[in-house]
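J.: Following this message is one structure expressed as structure tokens.
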């Protein structure tokens, strides 16, 4: 990452290509996640700030190009932003999910209604097992339970940082940084959406949302992180 020709440029080119395909779907949350992983890995990898700024400029140019190719992206983003600001403008349509999510979080109180006692997941909150499962966690386990879930993700991020610092080589360290960034940024985006902090992005909560393929991939990623940790332990031990 310390050379422009063989480090930064190929990495940014691959990153922009993948993100551009996601943006054209359109899949804004996937695009945000890909760029977050890429730019954090660039910073950790020691990229010079001037090249990092150039990469951001390349990103802006790429987004502008995607909008020119597919102008519908502007209207797509505007609708998401509009009903995030005022979901009551369409309470039975595009604003319905956010409204029901807030109801679920509020009804949980401090200690929750108890596991399995959620009311909002019964025909009120759409897709309670997928993108908005954190709202059900808040309703059934309350504020305390929600804090525990957030703490688990913070603990995972901290342990990942420790493993990355102790990795025996640069590749293992960067691999762990990328994996942990993906999990924690994805969790942060999901929780922010459910709590109406940011517009709906359609991204799942790692380890919690329904989906066998996603869970298998996450478990595989954790296996890679544990492998890097084991190798560093063998070398130091």
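All positions are counted from 1 along the displayed chain.
Heads up, the Cβ atoms here are built off N, Cα and C, so glycines get one too.
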J.: TrEMBL tags one of 96-120, 171-195 as transmembrane segment - which one?
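T.: The range carrying the transmembrane segment annotation in TrEMBL is 171-195.
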J.: By a Cβ-Cβ criterion of under 8 Å, what residues six or more beyond either terminus of the transmembrane segment (171-195) are in contact with it?
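T.: Long-range Cβ neighbours of the transmembrane segment (171-195): 29, 32-33, 36-37, 40-41, 44-45, 101, 105, 131-132, 134-135, 138, 150, 153, 156-157, 160-161, 163-165, 201, 203-206, 209, 218, 221-222, 224-225, 228, 231-232.
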